[in-house]
Amino acid sequence: MGFYMLLTVALLLTSLMNVEATPVDQAERSALEKSGLGNRIQPRYDNCGDAEADCYQSKCMDEETYDEECEASCNYVVANCISD
């Protein structure tokens, strides 16, 4: 039993030593938004034109190719660009 514990710890330490961190400047860091259970990269939009262009592209109109980028742009459009 002790052998397996030692083996597990050794494997964990080995895997942690192989992880390389890449530096991220503040501009890139602020472009990432925390969403849901983890971090997803979501573009931030400064105006409705860019968000609408992304939301209304053909890949976002197809249920099979709709992805997180489509969701982020369409959520921005709904929240900020559509007036009643």
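Just so you know, glycine gets a Cβ as well, placed from its N, Cα and C.
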Among Cys55, Cys60, Swiss-Prot lists the disulphide partner of Cys74 as Cys55
So among the disulfide-bonded residues Cys55, Cys60, Cys70, Cys81, who's got the most Cβ atoms within 10 Å? Cys55
The correct three-state DSSP answer for Cys74 (disulfide bond) is helix
